[in-house]
Amino acid sequence: MLAFTLKRFLQLIPVFIGATLLVYFLVFATPGDPISALSGGKPMTPAVESALRAQYNLDQPFWVQYGLYLKNLVTLDLGMSFSGQEVRDLLARAFPVTARLAVMALAIEAVFGIFFGVIAGMRKGKAFDSTVLILSLIVIAIPTFVLGFVLQFVVGVKLEWAKPTVSGGATWGELILPAVVLGLVSFAYVLRLTRTSIIENKQADYVRTATAKGLSRGRVINVHILRNSLIPVVTFLGADLGSLMGGAIVTEGIFNVPGVGNLLYRAILKGETPTVVAVVGVLVIVFVLANLIVDMLYALLDPRIRYA
Amino acid sequence: MPENQNQNPEAGLPISKIRAGKVSKYTIPHFVAPLDETPLQGVDAVKETGKPLSMWAEAWRSLRKRPLFIISALLIIVVIAIATIPGLFTSVDPTSCYLEFSNEGPSSGHPMGYNFQGCDVYARAIHGTRASLMVGIFTTIFVVLIGGTIGALAGFYGGWLDTILARLGDIFFALPMVLGAIIVMQLPAFRDNKSVWTVIVTLAIFGWPQVARITRGAVLEARDADFVKASRALGLSRGKSLLKHVIPNAMAPVIVVATVNLGVYIVAEATLSFLGLGLPFEVMSWGNDISSAQSQLRNNPMMLMWPALFLSVTVLSFIMLGDAVRDALDPKSRKGN
């Protein structure tokens, strides 16, 4: 288990370098001179300009810039944004908000998705199953930003059940509505995956044995069928953490959540290389770590899987 | 003659002639089934010269009867018709806008009312179909061509190509599609030439690894099948057996994913346009219309709802089609029905 963890951990390194390099290269090639953007497009003296360029390493060639960035990344010095704030501080402020949002979204989609998926799977072909299947397809087909606007309008503005936008503090209560929007599409996927998996497993021999030896229906479903059906669902949830972070750009924009997505979107528009690469770097780490945890969870869910 | 097998071969022979050793001297009367109880004509009636149904023909047979498939196929035909000949569905010019009608509700000839600029919402939605559909269809074509080719080669030949693909896929998977597309759409080459095609290329860049992975998996499975080995034993070259035997048998999951993804790409285009990074503003598209409707959401919510409805129904029909095709191609799920 330890050797496996270590091996997987080492495999993360090329992925991490590749992804940051890709993003660094793309942002590097982006138009707009950040230094002239810094001065608001007004002319400045050559001395000031070259000093600024040197300060942000913009006078160095690409590889040197990237090398310096990686070195700083390892020492946790993420550089400065163009407005003179430490990227580390910006991230430290925005990341907990997005983490809270993503965890809530993940919890919502996992709990409700698995719950309804189990019911639909156990009643394959019945009215409940067909209704849930069609509804989940409709949810998948509606873009997140449309769902966001509609829920914001209906729940926030018309019914006034929740505040339509989030304050600077971004408390758990305020984040419920954005988290529902963020998790809704994945909820439909979790539901469908659980259903398929349950249908596959519910006719297995061990389920018949469990029923035959007199276990209650609840125990058969929860312990025997569900546990064996969870592997594809857990895989999906792990991979979904990454798309939740990406989807946060849209959701955080609609609900004005001061999180990573918001930070990233504004930084991309400004061409702020350090911020963009730092944020994407963190997102890549989160994504890859989530997949590592999923691999570990397999062994818990299914003792037949052993990591030698 | 097969009938002979049903008859008792011992009949009429003394037992001592058949078996040595001590046995009962009584003959046990054997039951012989009357010939007409086993109608062999039924067995003989199978046409041995007829060609067996291929997987595709069989899938098509079961598809034709599924309501899900019929509904989604009809919807897709309608959407394609709208995209090719929008003039057939509306005679109103979507670009002639009158500010005096700004945010007005439906009236005769304008079933969905007007937007903030006083343009006809229905006409704009009809004329916006083409851009959204083009993005979906062409992105899917590119992704299947690129991802399919690379995935098939990697799965079939293995080796260094497979290793590189696996690592490259990991890197691309670590970047969510919308996130990567936002960054690419900011590149000078893309930002200055914003059009339907730049969006297609951007989405294809981040879409191909998924298809490559699925193709690779399917090819790996088909590669070791007996019929492929047989084709090699009969003297077919590796490349030919890949083209003629492996790929046709690995197509099913790729087709399903491509159909579902067509809808996903349409949503991705709308999301990019919504963020102001997708199609240029002059291009009429559902994404652009939804994006411009958001500022008027509290005055005129229907201005956002109609293009969103067009978009969702189109995406829904592609996802439903993919679902139906998946069920039809999967013999396991077909048995029960």
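Glycine residues also receive a Cβ, built from the backbone N, Cα and C atoms like all the rest.
As written in TrEMBL, here are the features:
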- B:68-89: transmembrane segment (TRANSMEM)
- B:129-322: domain 'ABC transmembrane type-1' (DOMAIN)
- B:133-159: transmembrane segment (TRANSMEM)
- B:171-190: transmembrane segment (TRANSMEM)
- B:196-214: transmembrane segment (TRANSMEM)
- B:246-268: transmembrane segment (TRANSMEM)
- B:304-325: transmembrane segment (TRANSMEM)
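Contact between the transmembrane segment (B:68-89) and the transmembrane segment (B:304-325) holds: at least three of their C-beta pairs are under 8 Å, each pair 6 or more apart in sequence.
Of the recorded ranges B:171-190, B:196-214, B:246-268, B:304-325, the transmembrane segment (B:133-159) has the largest number of C-beta contacts under 8 angstroms with B:196-214.
Beyond the transmembrane segment (B:196-214), the same-chain residues lying 6 or more positions past its ends with a Cβ under 8 Å from any Cβ of the stretch are 131, 134-135, 138-139, 142-144, 146-148, 150-151, 154, 165, 168-169, 172-173, 175, 177, 180-181, 184-185, 190, 253-254, 257-258, 261, 265, 268-269, 272, 278-279, 283.
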